Amino acid sequence: MLIYYSAFEDEKNIRSLIKIHSKMIQNKTLKFQDLGLMDYLPAFDYQESLMKSIIDLKLKNRDRTDGIYEETPNYFLFVEHPHVYTLGKSGDEQNILFNEEKLKEINATFVKTNRGGDITYHGFGQIVGYPILDLDNFKSDIHLYMRNLEEVIIRTIAEYGLKGERSEGETGVWLDVGKPYARKICAMGVKTSKWVTMHGFALNVNTDLKYFEYIIPCGIRDKAVTSLERELEKTFTQQEMEEVKRKIKTHFEEVFDANFSENNI
């Protein structure tokens, strides 16, 4: 959608018109793609390309002098990664408990990445979501964005009878916070630039939790990791995995007041 600004001699009217049109060009539609099983680095590159396209358009809009502004898109990706450990830019390598020999033995890879947070694991049976959003279309507030991501997962697992919670100072979704057996079911970490996001969340469904034994997940020593499979004592079929994804999308629309486009990426 293109927005045309008309010229007025009255500066007050100009400012008022700009405010009105700024609201009009907020785009809360999400273009969706399920990447299926994909190695971490190709998915990372794809995320970066989408992020860059949004930033480039924002800079183009900023520099326009003809009064024509294009709305910025938003994207949402699902993906499942083969065994990989990723270390965030603020991560501590002391939380890595494996060496090269162990990586080969467990058929995993290791990547240093540009998200926030520490070390985590991605693997089969995990639903990874990458929202690539222009937060200027929603709310330009990183703290609120993270809390909203948590809320999406909290609402999703509630449909399976689980009470997801937040743990103060520890991003993600947890079970039994404040108890000795508190455990994380969904890890989160993001990067933002010019209010555009990448990376996101990783919900453990059928995840092989033994892979977390080779790291100190998210740098937190005194809490365990869990999955839907462990909590519900059942293995999710592929059809049931797809149903979890549908629930995530539904709650994402609710929490972010957004809608998924019928025309996917």
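Placement of Cβ uses the backbone N, Cα and C atoms for every residue, glycine included.
Bear in mind that TrEMBL entries carry predicted annotations, made automatically and left uncurated.
The structure displayed is predicted, hence computed values, not measured ones.
TrEMBL has this to say about the protein:
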type	residues	note
DOMAIN	70-260	domain 'BPL/LPL catalytic'
BINDING	ARG115, GLY116, GLY117, ASP118, ILE119, THR120, TYR121, HIS122, ALA187, MET188, GLY189, GLY200, PHE201, ALA202	substrate binding site
SITE	LYS184	site 'Lowers pKa of active site Cys'
ACT_SITE	CYS218	active site, acyl-thioester intermediate
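Where TrEMBL records a feature, it is marked here on the structure.
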residue : record                 : Cβ contacts under 8 Å, 6 or more apart
ARG115  : substrate binding site : THR86, GLY88, LYS89, GLY189, VAL190, LYS191, MET198, HIS199
GLY117  : substrate binding site : GLY88, SER90, GLY91, THR171, ALA187, MET188, GLY189, CYS218
TYR121  : substrate binding site : HIS83, VAL84, TYR85, TYR211, PHE212, TYR214, ILE215, PRO217
PHE201  : substrate binding site : VAL128, GLY129, LEU149, VAL152, ILE153, GLY172, CYS186, ALA187, MET188
Rounded to an integer, what is the Cα-Cα distance in Å between ILE119 (substrate binding site) and LYS184 (site 'Lowers pKa of active site Cys')?
14
Least Cβ-crowded entry, counting other Cβ within 10 Å, from the recorded positions listed as ILE119, CYS218:
CYS218
Hey, what's the Cβ neighbour count for LYS184 (site 'Lowers pKa of active site Cys') at 10 Å?
24
Three-state secondary structure, ARG115 (substrate binding site) (per DSSP):
coil
Tell me, by DSSP, whether the residue listed as 'active site, acyl-thioester intermediate' is helix, strand or coil?
helix
